[in-house]
């Protein structure tokens, strides 16, 4: 099952690049015709499909309440001989959206406007991330880094259907204030007879603050170190033992720690009730002083580049500006923030370090990978690991109740 993969469902702003957007002029080119140009057909189909389904939904009145059938519903379209724009889109493809009314309702509860969501996915092609699950799970981010697009398996789609009603009810009850993944859309794309399933979530990390270090934490210490291959990446995903061996702590202060752990406990109890396990806490750390230094270096380079571009009369785009063949956007221009500042309505998982912390940091923390039920395969894996490591070892495949308890205890110990 693809859910056995460990993966990172957040995409960080790459160091030494995010700050370019502050100094470069932004030229947003509004196109009369949308051209869903991307480096590969599957992404063009995703852009076309999200654009189509959001447009269709805009004509459907918002119901007073969701009905049981909404959790089984889908919309699908088959496109044949699509001659218009054929240099970008395949001539034949199919696009299916699962539970459109439910995900529209979830987007609203998470404070995400459908027009903004549509623009983020369709205005410019999604960007590949170097984050990848062991089973080849693929991650992309929308051009503005606000949303993450993840390929999933048909089993994951089935599990989403299994939990969606209870997940939606939980989001209603907590008013969208949760550390759980914010599921915003689920799709099936068929190109050349190959089916690809994709889920869109809010990015855990900031769309503008650089993440300098990140961790995938499960509360388990058996085989929980980053591989040498992972460590060679620009922004490796470190694990539990790496975190402990570094003596790392997240300095949030007593009040923030209390509030965070209360939210975490509620979320994790919900997952245990659903018999879900193997989830992680994804942690990203933004070093404010380091970011300021990087920004100064980037600004110097950006000014030189701007002079060169202005010299040849070309309009200079910011790192996620509109290419000349992309649809325009209604999103407002980003506000300017001071070092380490963020908009809590956008960076919903962000938390500042306490003023007494040794370094000024911003932490991004959320639960990821919640589509792993405790089924027969997990029970067999648990038995095998218990034989290998002993009954007392902190292996990752324990039952959901044990997993949630251990998870909460570990997270309580890393916050200070």
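Placed from the backbone N, Cα and C atoms, the Cβ positions cover glycine too.
Owing to the predicted nature of the structure, the values given are computational and were not obtained by experimental measurement.
Annotated by Swiss-Prot as region 'Required for interaction with PIP5K1A', the relevant range among 57-63, 64-70, 71-77, 78-84 is 64-70. Summary of the site annotation: Swiss-Prot records ATP binding at 202, 203, 204. Screening the candidates 214, 218 against this entry identifies 214 as the one listed for that site. Residues 322, 372 are shown; Swiss-Prot lists phosphothreonine for one of them, 322. Taking every pair among 202, 203, 204, 214, the residues recorded as binding ATP, the greatest CA to CA distance is 17 Å. For the GTP site, whose binding residues are given in the record as 203, 204, 214, 369, the maximum C-alpha distance rounds to 16 Å. Within 10 Å of the C-beta of residue 150 (N6-acetyllysine) there are 23 other C-beta atoms, taking all protein chains into account. The candidate set comprises the recorded positions 94, 202, 214. Of these, 202 has the most other Cβ atoms within 10 Å. Remote same-chain residues near the region 'Required for interaction with PIP5K1A' (64-70) are listed as 99, 101-102, 105, 165, 168 (criterion: CB distance under 8 Å, separation of at least six residues from the stretch ends). When the alpha carbons of residue 369 (GTP binding site) and residue 202 (ATP binding site) are compared, the span between them is 13 angstrom.
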